[in-house]
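Quick notes on the structure that follows.
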Amino acid sequence: MSGRGKQGGKARAKAKTRSSRAGLQFPVGRVHRLLRKGNYAERVGAGAPVYLAAVLEYLTAEILELAGNAARDNKKTRIIPRHLQLAIRNDEELNKLLGKVTIAQGGVLPNIQAVLLPKKTESHHKTK
């Protein structure tokens, strides 16, 4: 009658998460909320949580890739803290980044000092 109401109005577009817009698995909305609640700054830009989520996702993927390789080397199909420890400590850059981090149930890297190894003598080769 008077042209009011929702006749012929456009249907609202399907909601799309910021993570899917950015092509990420990590939750951009949650990272944004945590940045706002954490009192890091008075205001948080729209791109900051996307960038931070992307960085966190990349680091996680890198560590899991190396830990998966460590698990496969040990003939295991499940990644355990020991595999994470081996992955991080054997990678120079990750070891520097996570140098002060302790991983529970991670153990230590196998390492025997060179002076403790048996000496290789050539006495039995020269028996003339």
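Cβ coordinates come from backbone N, Cα and C, glycine included.
Since the structure is predicted, the reported quantities are computational estimates derived from the model, not experimental observations.
Database features, via Swiss-Prot:
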type	residues	note
COMPBIAS	7-19	compositional bias 'Basic residues'
CROSSLNK	Lys14	ubiquitin cross-link
CROSSLNK	Lys16	ubiquitin cross-link
CROSSLNK	Lys120	ubiquitin cross-link
MOD_RES	Ser2	N-acetylserine
MOD_RES	Lys6	N6-(2-hydroxyisobutyryl)lysine
MOD_RES	Lys10	N6-succinyllysine
MOD_RES	Lys76	N6-(2-hydroxyisobutyryl)lysine
MOD_RES	Lys96	N6-succinyllysine
MOD_RES	Lys100	N6-glutaryllysine
MOD_RES	Lys119	N6-glutaryllysine
MOD_RES	Lys119	N6-(2-hydroxyisobutyryl)lysine
MOD_RES	Lys119	N6-(beta-hydroxybutyryl)lysine
MOD_RES	Lys120	N6-glutaryllysine
MOD_RES	Thr121	phosphothreonine
MOD_RES	Lys126	N6-crotonyllysine
REGION	1-22	region 'Disordered'
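Mapped onto this structure are the features recorded in Swiss-Prot.
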residue : record                         : Cβ contacts under 8 Å, 6 or more apart
Lys10   : N6-succinyllysine              : none
Lys14   : ubiquitin cross-link           : none
Lys16   : ubiquitin cross-link           : none
Lys76   : N6-(2-hydroxyisobutyryl)lysine : His83
Lys96   : N6-succinyllysine              : none
Lys100  : N6-glutaryllysine              : none
Lys119  : N6-glutaryllysine              : none
Lys120  : ubiquitin cross-link           : none
Thr121  : phosphothreonine               : none
Per DSSP, what is the residue count of the compositional bias 'Basic residues' (7-19) in each of helix, strand and coil? 2 helix, 0 strand, 11 coil
Lys96 (N6-succinyllysine) -> DSSP, reduced to three states, gives helix
